[in-house]
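Here is what TrEMBL says about this protein:
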DOMAIN    A:133-437  domain 'NADH:quinone oxidoreductase/Mrp antiporter transmembrane'
TRANSMEM  A:6-27  transmembrane segment
TRANSMEM  A:39-60  transmembrane segment
TRANSMEM  A:84-103  transmembrane segment
TRANSMEM  A:115-133  transmembrane segment
TRANSMEM  A:139-158  transmembrane segment
TRANSMEM  A:209-227  transmembrane segment
TRANSMEM  A:285-306  transmembrane segment
TRANSMEM  A:313-334  transmembrane segment
TRANSMEM  A:346-367  transmembrane segment
TRANSMEM  A:388-411  transmembrane segment
TRANSMEM  A:423-442  transmembrane segment
TRANSMEM  A:469-488  transmembrane segment
Amino acid sequence: MSNVAPAWTALSPALLLGLTGLALLVVDTIRPNARSNTSMALVSALGALASLSVTVWFVVAGTGHADTGGAITLLDGAVKVDTLALFFTAIFASVTALVVVAAHDYFHDHPNPAAFYSLTLFAATGMALLAVANSLAVVFVALEMVSLPSYALVAFLKKNRGSVEAGLKYFLVGALSSAVFLFGISLVYAATGSLIFGEVASAVESLDALAGVAGIGIVMIVGGVAFKTASVPFHFWAPEAYEGAPAPVSAFLSSASKAAGFVVAFRVFTEAFPLGASLAAGIDWALAFAVVAAVTMTLGNFAAAVQEEVKRMLAYSSIGHAGYALIGLAALSTGSAGNEAVMGAAMAHLLVYGFMNTGAFLFVAMAERWGIGRTFEDYAGLARRAPVACTAMAVFMFSLAGLPPFAGFFSKYFLFMGAIENGFLWLAGLGAVNSVVSLYYYSRVVRALFLDDPATPSALDALDVRPTALYAAVVFAAVATVLLLPGFGPVIDAAEAAAAALF
Amino acid sequence: MVDAFAYVPAVVLLPFFSFLVALGAGKYLPKGGAFGGVAATAGSFLLSLWVAATVAGGRAYNETLYTWAAGDQFELTFGALIDPLSALMLVIVTLVALLVHVFSLGYMNDEGETGLPRYYAGLGLFTASMLGFVVADNLLMAFMFFELVGLCSYLLIGFHFREPGPPSAAKKAFLVTRFGDYFFLVGVVAVFATFGTAAFAGEGSFPALAEAALAGSGDVWTPGGLGVETWFTVVGLLVLGGVVGKSAQFPLHTWLPDAMEGPTPVSALIHAATMVAAGVYLVARMYGFYALTPTTLAVIAFIGGFTALFAATMGVVKDELKQVLAYSTISQYGYMMLALGAGGYVAAVFHLTTHAFFKALLFLGAGSVIIAMHHNEDMWDMGGLKAKMPVTYYTFLAGSLALAGIFPFAGFWSKDEVLYEALVHGLNEPLLLGGYVMGLLAVPVTAFYTFRMVFLTFHGEPRSATARDPEPVRWNVKGPLTVLGSLAVVTGFINMVPVQKVLGLEGIDYLHRWLDNEWGGIDGLSSHHYADLGPYSSGYIGGGEVPTVLVGAAVSLGLALAGLGLAWRLYNVASPTEHTAKLGGIKDVLYNNYYLDELQVWIAYRTEDVAGGADTFDQGIIDGVVNGVSSVSLLGGNRVRRIQTGLVTQYATMLTLGLIALLVVLGVNGGWFL
Amino acid sequence: MILEALIGFTFLAALVVMLAPNAWAGRLAFALSAVPFVGSLYLWSRFDAVGNALTGGTIAFESRYEWVEVGGRTVSWFVGLDGISLPLVVLTTFLVPLAILSAWTPVDSRQSQFYGLMLFMEANLLGVFTALDFFLWFVFWEAVLVPMYFLIGIWGGPRRKYAAIKFFVYTNAASLLMFIGFMSLTFALGDSIGSLALPEITQALADGGLETWFGISPGRMAMVAFLATFAGFAVKVPIVPFHTWLPDAHVEAPTPVSVLLAGVLLKMGTYALLRFNFTMLPDQASALAIPIAAIAVISVVYGAMLALAQKDLKRIVAYSSVSSMGYVILGLVVFTEYGVGGATFQMVAHGLISGLMFMAVGVVYNATHTRMVGDMAGMADRMPVTVGILVAGAFGYMGLPLMAGFAGEFFIFVGAFGAPALPYAPVFTALAMFGIVIVAGYLLSAMQKTLFGPFRLETDYEIGPAPFHDVAPLAVLLAAIIVLGVAPDIFFEMIRDAAMPVVEGVSVDV
Amino acid sequence: MVPAQWYLLLAAGIFCIGLFGVLTRNDALYFLMSVELMMNAANINFVAFSLYYGDLTGQVFALFVIALAAAEVAIGIGIILVLYRNFGDIDVTVPTEMRW
């Protein structure tokens, strides 16, 4: 079909998101009185779902798939729509939908929610662009397009010191990282003389004196990626940002924004700096990722194990999961058949993670909506009053810990399998150790919800409201987390196909 | 005509059904299900007689009846082996069991005991297990029923579970015998591993295979290339462990005196015909194997002789009626072991038979006395019961004369033959001779404590109110006593070897001919076959067989009479007094049973200490490591989280340092800075 | 399809019970759990497998659908039964209804959740014993942890949270170790396997399909994988020194959960050891025969000694389970018909007997609210029937002939004593057998102190006989134990048939 | 003309100056300016090497970067504003409520 429709329609998922955001902004500016939280949440949700359905349709129809004429390149090769792009666009769209729906209840008494919805949608647009970016220039622009709204979103509660502090730290670290990233790009440009991935790749094969320059540039690009994915050593913003930001924003950042960082990484490092060529030039970025992955997962999980606040624990756990996903890049080896498997597993993990982690943060959002505290003790005995939500939370926790019968089990174990297949036993072993630790702190949440008794009999009286939209989002995420186990086949197939297209 | 052997399973199953009936419906039946038990044992008794008659008719039976586990490696089966030995044993067991059931009507029902269904269920199962053991055609089946017998003894000894004493005695009985059975079980497993079968009789039986292997015409597995004979000795000794436990031989005899906590009829059953007899019967059953290993035989003989003397000495100082009988039991089984060890297969079975009757008699008599004395067992509170309860007295006297080995009572003949065998075979076997000497020394001691008991109980003046006016006993007590009493007198005549030898009368050694398959039996299970296998040659004193017989008999009889006389002098007076003081220091040792119980208690406590140590180690070290790992990880987590200082400038610094570190690593790795 | 129906129904039943009102959740759960039992009996009646499912024997009720394809390996829904798994399936479906019945008295809060989780666990256990694809098996294997965590953590004793987390994390760590070890093995098999189906993997290993993989030679790979998987399963079994989670879990868990924990969950470990280590890597197993036999013996004796030191009835039974599992390991490592078969039989026998013991102790506990040996005496006086069965069960545990325990243990002993595959077999066997004396020691003295003698227990209420629905399951279990003890061949025959290929799989120079 | 390496060095120098500022200054605005400096260091590379390679991509991208930097500053100023409202200071080391 993509031959029938004009090529630009391939970008329609991104366009849909952007247009929805603009529309909200317009309505909000022209008729400030007409706006209602519900209607705008509805509109933005519809926009996100529309883009999701289009994406899914494309995937089913095989747009950009090798069978249908391969990837569609636009704008002089600066943009490229392929399975990888669609796969991640699907993640972004679904997370966005969940987040905006949840936000409806979260911001029920906020004076100006409109800004939130449009900012979210703009950030989502930027992610969608990241997914299709085929030039370092587009990558940087799209990255900023994701970052700038995110800063604002984190600091969205202007009167809340936590939110502001989080916003500041996120912004400062982010600005620094993007500067580093940009300088890295400039060095690569200096070394290769192009920004289009394909041309960069061919230039990398013939680097001579400038190998060092390109190497430094690549490492700096690694840094930029590490910032987006909240990986060591660019992770410092994450605990504070996730903790201080409004919970839906934390969900959005920790799921979608992280995935955005990974799509960049996957594409740039496979298409612009192919492993073989880079190694020939003495630039072993896989080693860099291996180190980063190892440190990241260990730091994230061990720090998460000793947190008192659930939200901050989730923040660290999300750092740990970044470490897992990085295995997808770290465990690559030149010309190995296992590459597709491991990178595909990483993608699948990010998809599943999109649901289970978003769900977890949305549960925290619900807790904040109820106005109960943030620590494990405050969550004690919640299951008595909110069994459904708590069951969903238990599902998220066990799935994050990688236990069946939930999707997190498959994605995590396939990731380890991939690492083992490529001979990275030590990485898989480290991952195993970490997931044991993670089992400990995830089960702490379940223990608080189901096993512990409330501190005071009146502790649970705060649960007076039933935030419907939040419930809907959480339950949907939970159902998705469960159903993705039996339905894992298509997911992993799509992911491996997408990965295969990169090598 | 119908074949008696087809009913062999019924012999075993009838008491088992009485067990089921008593257990299930006992409380709805009259007498707590007693009649069921009586009927069942009576039935088994009649069937046994029929089976014995059939054997006498010249036939034998050795069939596999049920396959327990049909592996290719081994076939584990149940079956029945009916030869003269088992037929004889069947009759003894069923008869004694029947009489005990009847006696129980008087001892338990008339005394208004509670929990009678449990009691009769126990008796039924006990009898059934013993019968199953008797007919067993292979070692595994024998072991199984051997263990079941142990279970029943536990249940019956601990019958009065509401009191503190019986449960602990029951535990001790089971534990000590279990300890012996451990070796037995290892032996069974070893027999399977060695021969691939555990059948007692027939071509493929393990004694036959062992014989062949020793003859060099067969090949068997031995561990680590061990010599065949050595290995057989080891196996024999392992199985012997079970025998020593069940037959209460030194050093595993300590459970038996405690077992007196059980109801007296149970004691009669345990000691006369079932549990304790099982050990000796087992050796007799697989004698074809033991006969092959002289060392084992010597050990058996020595243990037997030692136990005979050792237990007898302890019997001398006991005050309770049943205690004396308990030690006499240990001692008498010592004689049987001595006989078996000395190659006196027939003598052992003979003594087993006579002892079954007169010991059952003595226990039931004691039971009758205990009824009369309102369950006071202290002999020093009795006296003068002779006039009050004549039937009990005269039967008890018969039993005592038999036990003391006084001519012409049953015990005399059997004990005399035991000692004779030990003597003639022991003259050139030092170890065996040692056994003989100790056995001989035990004779006067036995006579002494037996008649000390008789005189203290029945003679002299009543020493307590109850003794002056004892409670009368009914037919169901006197009946069994009469039967057993007459048996105690006449059983000896089934095997008057000495008379035959001295007077040259042919054919009055019925038991010899019976066990020699003269009327019928299974090849390889006959006494002369065992004699051929046996390592012993006979030696005689005084030139020839007859003098040896006479001398042996005269010596033992003389010693017995001496012992009796001493007891007469000391205790057959109006108001006897304790003479134990004369023993001096030995007295305490004897009272405390040579401190063997203390030793075992000490061992038990030490074991518990070791266990406590293990527990501490487990909780402290092993579990400590497990918990340690988790606390260490949490500690690490606490260190890691401190990196997040909250100061954004420090974040920038660490970020930069991290980036530089990456640059250095890759740069050095990739050699950019060259 | 029948197996899918069995597992699916159990999952469904769990869901239904979960949503049922607390009031009659117990009855409903019992009624529903009877269905899988009937189903397994039907399976038994129609069972037609020959040989071992992994070594090319015919698989009963086989059914296979491709599920996921990853890294050139297909993961499929692949279930089936052979002579080793069927008895365990029957055991599971038999124990669960009884456990549910025994829960009626003690469980008095959130019943619907409790029974729902029990059934959920049963479904996963059935999955573990029927799955023939590694990944499917691993899914069920891990899924068992979740209900167990809640069952111990919510309805357990005072230190339930500690016990639950310990069990949860410890066993999961072990599973991960095992996973990595086994995965490396499968990848070292290279192209000789196209799926993770256990039979295919076994075949490939037997055909020497191992290649040098990232510089690891085949022999080394097999040995490493063996050690990793063995350690992983050893925690589940548990074998000394990986056993310390067990007593805590048992003591804290409510009675019915202990029943399943001891009765079935421990068997997962031994079952996995048999399937993976001893069937797939027999040569490594026999190469390590001496150390394995050593830890088996240590487990037996050390576990028994620990049991001897305990004062809590449940702890006693828990440690004696450690001891009994030692027999199973010994039986497996000797590679003889009676050894391996007896080990499998002992899994079932011990499942029944330990289940009975925990249940009976639980019934006593319901009345006394204490399990401490010192706190009570002469219970036989007040609850004769329960105590009678408890005593019978204890003798079963001591290996009394004509009860299932003796059959299992004797098979193992007789199989082990002369085993050519294990050097010094007679010594090891004799040492292990001494366990039967120690077990008699601690069980008899515990019973003497608590059940017999003059009645003594400080309560402000009257203690009477236990209700029928508490005693009935005890009686049923006892009957089953005796039946298996008198006629072991009803299971042992098919077990032998499935065990022989394992025995023949090992190449021993006799 | 000036050889390319010099531009590289210049850019690197400016980048390091910016980085130094980031690491040493606690004032949010200085922080912001330093980041600007770093970005412009990158721009120097882009412009210089677009001249060196003779294609316009670099220069065009430089323009993009300038625009983005402006946007970033806008957001940054906004955040610094609320920072001042909530903490009464624009010292970035003041807000340390969330840590560990």
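Just so it is clear, glycine is given a Cβ too, placed from its N, Cα and C backbone atoms.
Whatever TrEMBL says is automated annotation, not expert-curated.
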Do any residues, 6 or more residues outside the transmembrane segment (A:139-158), come within under 8 Å Cβ-to-Cβ of it, and if so which ones? 115-116, 119-120, 122-123, 125-127, 129-130, 133, 164, 166-168, 170-171, 174, 178, 181-182, 185, 224, 228, 241, 244-246, 249, 252-253, 257, 260, 264, 268
Among A:39-60, A:84-103, A:209-227, A:285-306, A:469-488, the stretch with the most Cβ pairs under 8 Å to the transmembrane segment (A:423-442) is A:285-306
Long-range environment of the transmembrane segment (A:84-103) - Cβ separation under 8 angstroms, sequence gap at least 6: 13-14, 17, 41, 44-45, 48-49, 51-52, 55-56, 58-59, 63-64, 113, 116-117, 120-121, 124, 127-128, 131-132, 246, 248-249, 251-252, 255-256, 259-260, 262-263, 266-267, 347, 350-351, 354-355, 358-359, 362, 365, 469-470, 472-474, 476-477, 494-495, 498-499, 501-502
Among A:39-60, A:346-367, A:388-411, point out the range having the most Cβ pairs under 8 angstroms from the transmembrane segment (A:6-27). A:39-60
Near the transmembrane segment (A:285-306), which same-chain residues lie under 8 Å Cβ to Cβ, leaving out any that are not at least 6 residues past its ends? 218-219, 222, 226, 231-233, 235, 239, 269, 273, 275, 278, 313-324, 326-327, 329-333, 424, 427, 430-431, 434-435, 437-438, 440-441
Outside the transmembrane segment (A:115-133), at least 6 residues beyond either end, the same-chain residues with a Cβ under 8 Å of its Cβ set are 11, 13-14, 17-18, 20-22, 24-25, 28, 40-41, 43-44, 47-48, 51, 78-81, 84-86, 88-89, 92-93, 96, 99-100, 103, 107, 139, 141-147, 149-150, 152-153, 156, 252, 256-257, 259-260, 263-264, 267
